[in-house]
């Protein structure tokens, strides 16, 4: 469980968050949605200790994020930012091995190697294992980063816009993998997503942010509602039922 | 390329290096050296070889570390102000504490090199332009500004000759008793090996490091200490060796990648091989005179650097 209480983070601009309190359940996918500048990425960064908070507390699995040892936290929670554009020449295998760093500090034992192999197999990267990251497509690279996070073997996985730079096919593949991680391995996943239809189709619950505050938090099904969406995005978003799924039609 | 080949090449070149020089010593004399020949070996040739190996490996390794910490392949101690700051420090110590012991000079040079490197990294972080070549150019400008301050002070205190002597690296003045402070680099190189994984992770950025529970700031500080200390002792013994910290890590990165755990050994070995080859060349070209090592490294190095730049452009198009 992730417990956020009275969290504030000011920026010199207005991209901050104000007095956010939130409880994110275990073993589920939770998506943060909202307009640009609503504070989605900021909230994720503060929760994951990438940014220091001004006020409030965050507890992940009972650990106070601002007081716990960073290395111990790295065994419990992982965070992947959208801008993991690396100019570092590493192979997929080497990158995934770094996921074991919090556990092994660089000296891989048999258990570490097993986890690395498993993560690579899970993300279907066996054939790319010896390839350098800079020779991969955007989708393959994204999968390699997820494999690294899997090798890190944390109960909580936070992803900032994991679908950025991915085409439709790879976006669907990515979301299916995340769904499997939750359903099969019981991971707790928190995402920042831009596309509300992806959020609707794959999340268990959705947190809508607006102007640095939580505008609404609920099960995915109840959040995909014209009145709720109108309140978040300030435009009319008709919701249709297609093949038993709610789909937002926000294009015109 | 296998590390083994580099090491074999290093051993062969080291052997050759011991027998190049004005005093005639042949390999077959080795087991029946006259007293004079033994003196030449012990006082000049072996210290020279050792300092070449340490300086070549040391400059290359700190170049690599600096590139990891700034996340920029075009940055190196000699092109981004570290060496210039150390040099400024040496001059200050000569002006403020004239006739001071070598240890005082090292300490002052080290403090200045640290401060200069930190300042330069702050400037680089704040730059709006993210193009690595532009960022590296700013580092070059920073180095030149510090360098011009050094020149100004040196002119004022009539020390310009001393400054130019250490700004042009040379192994010809290396003698027993005058190079031993280079050994300070060895524990620093060992430290670099111990921190190899951490430097690789730091090279992937702060958020990446924090995710893996790495103390990013601490790794940065340790890296800067290694870079500043090694550049200071090399500057004070051998003098400035341009381009080395820039081209060797880039060449190794081409065939070995950026995982420091596997590339550090290659970087050290290739750096030592390169400097050794340049030194032998410099001693042979106008025998019995010598071309300063800085010149040979500069000529070959700028050629290789040009190749790396053009290659990068070709890869972009």
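Placement of Cβ uses the backbone N, Cα and C atoms for every residue, glycine included.
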Looking at B:1-22, B:23-44, B:45-66, which stretch does TrEMBL describe as transmembrane segment?
B:45-66
State, in range form, which of B:133-155, B:181-201, B:222-248, B:293-310 has the highest count of Cβ pairs under 8 Å to the transmembrane segment (B:45-66).
B:222-248
Given a Cβ distance threshold of under 8 angstroms, which distant residues of the chain, six or more beyond its ends, lie next to the transmembrane segment (B:293-310)?
133, 168-171, 238-244, 246-247, 250-251, 274-275, 278-279, 281-282
Positions on the same chain near the transmembrane segment (B:181-201), where near means CB under 8 A and six or more residues out:
50-51, 54-55, 57-58, 61-62, 65, 68-69, 102, 106, 208-209, 212, 214, 219, 222-223, 225-226, 229-230, 233-234, 236-238, 258-261, 264, 268
